[in-house]
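Peer 1: Sending over a structure as structure tokens; questions will come in a sec.
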């Protein structure tokens, strides 16, 4: 489907009843072709979506609320356009369902159909809200490095290795900003780079991350671009790239890509989320 047909950036009436047809899939292959990524991906991964505004009516018409985490596998054929996801979730607001399991069943079925692959779902009831924690990404934060930069479109040539023996370390920054490719709205994120290999020059990495500041691309695609650029520039033996984007429309998106870790990290929101 063409992005010109997506709800994002258009005035769309909010639905009053459940409508799975609102979900708008976008093929991953379109963007991956520009990154020279084929069917054999150099990573595994998942896109973790957190929904904070989930509500429906029970069988007697009383509102119910919950939160949910959705796990879209990185090898699924499609991503789901975020505004269409928001509208779809809102279509449950005035929909009567016999119980929470009926909601789960519809969510799992509809999202799998849109993504082209099974989608994981963790349903968080109000009884568990008090158990939820907040934490920052692990790692050595590079934000205080004294750099000068005037490049605000992705510049992989900025990346370079530092002298020294092979290291195993985790670097992090809160300075990633990209932009929605449809509306131009800013997307803010914290980024974590975990690797084993020649030392990555930290100032160079920070400049590279900042260079996304005027770039227009979906969250998932930005993370895959970062992964590929680091692999080409520094050739680490092991690499994980993880971004946690701030929420918009009651949803946050957190793409994770790795060539050595088999399980995604715990889905713990950061302070800005």
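Even glycines carry a Cβ here, placed using N, Cα and C.
According to Swiss-Prot, the record shows the following:
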ACT_SITE  180  active site, thioimide intermediate
ACT_SITE  187  active site, proton donor
BINDING   80, 81, 82, 219, 220  substrate binding site
BINDING   82, 83, 248, 249  NADPH binding site
Peer 1: How big is the Cα-to-Cα gap, in Å, between residue 83 (NADPH binding site) and the residue listed as 'active site, thioimide intermediate'?
Peer 2: 11
Peer 1: Please work out which residue of 80, 180 has the most C-beta neighbours within 10 angstroms of its C-beta, and give that one of the recorded positions.
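Peer 2: Top count of Cβ atoms within 10 Å goes to 80.
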Peer 1: What subset of the recorded positions 82, 187, 220 lies within 10 angstroms of residue 249 (NADPH binding site) at the C-alpha level?
Peer 2: 82
Peer 1: Looking only at 80, 81, 82, 219, 220, which the record lists for substrate, tell me the maximum pairwise CA distance in angstrom.
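Peer 2: The substrate-binding residues span at most 12 Å between Cα atoms.
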Peer 1: Near residue 180 (active site, thioimide intermediate) in space, meaning Cα within 10 angstroms, which of the recorded positions do we find among 80, 187, 219, 220, 248?
Peer 2: 187, 219
Peer 1: Using DSSP with the three-state reduction, classify the residue listed as 'active site, thioimide intermediate' as helix, strand or coil.
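Peer 2: DSSP call for the residue listed as 'active site, thioimide intermediate': coil, neither helix nor strand.
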